[in-house]
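Worksheet for the structure shown next.
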Amino acid sequence: MTTPPAEALRALRAQTPLVQCITNFVAMNFSANVLLAAGAAPAMIHCAEESGDFAGVVGALSINIGTLSPPWVDGMRAAIAGAQAAHTPWVLDPVGHFATPYRARVAQDLVDLRPTIIRGNASEILALAGEASDGRGVDASDPVAAAEGAARALAARTGGTVAITGAVDFVTDGARALRIHGGHPLMPRVTATGCALSSLVAAFAAVTEDPFDAATAALTLFAAAGQRAGPCAAGPGSFAPAFLDALYLARPEDLDWIERHAA
Ligand SMILES: Nc1ncnc2c1ncn2[C@@H]1O[C@H](COP(=O)(O)OP(=O)(O)OP(=O)(O)O)[C@@H](O)[C@H]1O
Ligand SMILES: Cc1ncsc1CCO
Ligand SMILES: [Mg+2]
């Protein structure tokens, strides 16, 4: 049975899931604020000495390779092992993994651990599936539509759900696929919006049975909040707080109005 986004948001607010985020230095504060605004409880606990233990008690784990270094990778691996031992869902955000050989290697190793959900922009998903991409750094240079086949291939490889974000988002678990509209062009002009979204995907995975439903709910909530915040903002600076307010103010029934189509 599938959980519609509105029902998933009700569950999130009722359960306030604890989400462990091992994310980059740029994204930490914004991601924690996004989770709190939406109704989840973030904890940024990353070092290998404790990350595995903590992963055993959280509702979900979010892993983001944005500002990598070997000790952080140790912390990620320990946390993933802890999550897997506890049958806890985990999300991978392969930020700019094609930028250097080290980063690419780490990303492929983490994909081999079969993340419950992968969330990235089009350039990241194309490159992760071994296809040509125009990506240079952490922002997308490819259209989402060009990466849909790559997302389906990755879902087949991992047995998990894969989400691509951009002007129109795409989510697939290999069997089902959806395109999600909405959002606002200011969203990619605020750094770490995608990183924060990946942590929110984890939060929804903690409260829904099906990872495909979790990813769909998080993307739909972001689409609704972006759409609401955009007209209130003069630019990226005022968009960020308006977006946090819109996440907080979003009612479950608002998610019913976001355009979603089977793909
Ligand atoms: N042109 C756009 N119009 C509407 N929404 C957008 C647009 N571009 C991105 N978004 C939305 O912004 C959010 C973040 O997606 P994006 O693809 O920019 O992530 P990202 O590149 O991983 O970001 P970052 O690495 O900076 O955290 C998603 O909810 C997505 O739907
Ligand atoms: C700007 C930036 N650099 C490494 S991670 C990050 C946050 C957006 O992905
Ligand atoms: Mg990103």
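The first residue you see is number 1, and the count goes up from there.
Every residue, even glycine, has its Cβ placed from backbone N, Cα and C.
Feature annotations, courtesy of TrEMBL:
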- M44, A192: substrate binding site (BINDING)
- R119, T165: ATP binding site (BINDING)
Near ligand 2, which of the binding-site residues M44, R119, T165, A192 are found, taking a Cβ distance under 6 A to any of its atoms?
A192
Please report the DSSP secondary structure of M44 (substrate binding site), reduced to three states.
coil
As a whole number of Å, the Cα atom of T165 (ATP binding site) is distant from the Cα atom of A192 (substrate binding site) by 13
Using a Cβ cut-off under 8 Å and a sequence separation of 6 or more, which residues in the same chain sit near M44 (substrate binding site)?
Q20, C21, I22, T23, M28, S31, A32
Based on a Cβ-to-ligand 1 distance below 6 Å, what subset of the binding-site residues R119, T165, A192 would you report?
T165, A192
